[in-house]
Amino acid sequence: MDKRWSLQGMTALVTGGASGIGHAIVEELAGLGARIYVCDISETLLNQSLSEWEKKGFQVSGSICDVSSHSERETLMQTVSKMFDGKLNILVNNVGVVNPKPTIEYVAADFSFSISTNLESAYHLSQLSHPLLKASEFGSIIFISSVGGVVSMECGSIYSLTKGALNQLAKTLACEWARDGIRANSVAPNFIYTAMAQPFFKDADYEKSLVSRTPLGRAGEPNEVSSLVAFLCLPAASYITGQTICVDGGLTVNGFSYKPQA
């Protein structure tokens, strides 16, 4: 196989990798040959996933971690450094929480929790991973953002704020750390069929409205996001950095179009 299309010999850390988009990302990267460390807040889901990946022959290990905790993030990165001998090729900041409600109904605790989980964790883990990514001489950071960080969506102003910040962080790190052989990109999905998005899909009118605004006429699947993440980590994508790429079925480019009934 052309080495540009392989992750053989590379290492990765995926946060929130035991379910949803994170789970799909782990499978994608492992399938391309990467050794992966996964963290997740759910011990049950993590153990189930690790068992599943072992049966598939994937090189995946992991531990429980609440990435909203500063000390747990530090412990996580110490573990990863020991696991991979001080080198890391790929960091996927995937963890995120959503708490949609009108802006005037949010309280300080809502803001603090969302910021620490969605934004501060990604920022801090990127800081902690820098020496490992630099040591690998081929580092890549992927931020899992959202179309809610690109256009206005009914997913809550705090959520949108954190995702927009991740998009800007990818641009900044792409420029600041390029000299260290580190690329940074942001992947912004539309609503994807995952457990986290399930409450939205339970509202039939909401789903119908979303689909009507999406040119491809449907929500996405986790593996439609993970495929892009994997590509951005490959040597084949070595000249792509600082980008926010929407995986959204065309939602963010859709203007007004009128299609009369036949």
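Placement of Cβ uses the backbone N, Cα and C atoms for every residue, glycine included.
Here's what Swiss-Prot has on this protein:
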- 13-37: NADP(+) binding site (BINDING)
- Ser146: substrate binding site (BINDING)
- Tyr159: active site, proton acceptor (ACT_SITE)
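Of all Cβ atoms in the protein chains displayed, 31 besides its own lie within 10 Å of the Cβ of Gly17 (NADP(+) binding site). Ranking the binding-site residues Ile21, Gly33, Tyr37 by other CB atoms within 10 A of the CB puts Gly33 at the bottom.
If you measure from the Cα atom of the residue listed as 'active site, proton acceptor' to that of Ile25 (NADP(+) binding site), you get 21 Å. Its Cβ taken as reference, the residue listed as 'active site, proton acceptor' is surrounded by 20 other Cβ atoms within 10 Å in the chains shown. The Cβ of Leu29 (NADP(+) binding site) lies under 8 Å from the Cβ of Leu7, Ala12, Val14, Ile36, Ile90, Val92, Val229, Ala230, Cys233, each of which sits 6+ residues away along the same chain.
Under the three-state DSSP scheme, Leu13 (NADP(+) binding site) falls in the strand class. Between the C-alpha atoms of Leu13 (NADP(+) binding site) and Ser146 (substrate binding site), the distance comes to 20 Å. Under DSSP, Gly33 (NADP(+) binding site) is assigned to coil, being neither helix nor strand in the three-state scheme. In this structure, the CA atom of Gly17 (NADP(+) binding site) is 17 Å away from the CA atom of the residue listed as 'substrate binding site'. The least crowded of the binding-site residues Leu13, Ile25, judged by other CB atoms within 10 A of its own CB, is Leu13. Taking the Cβ of the residue listed as 'substrate binding site' as reference, residues of its chain lying under 8 Å away and at least six apart in sequence are, in sequence order, Gly96, Met153, Cys155, Tyr159, Ser160, Lys163, Ala188, Pro189. The residue listed as 'substrate binding site' carries neither a helix nor a strand DSSP state and counts as coil.
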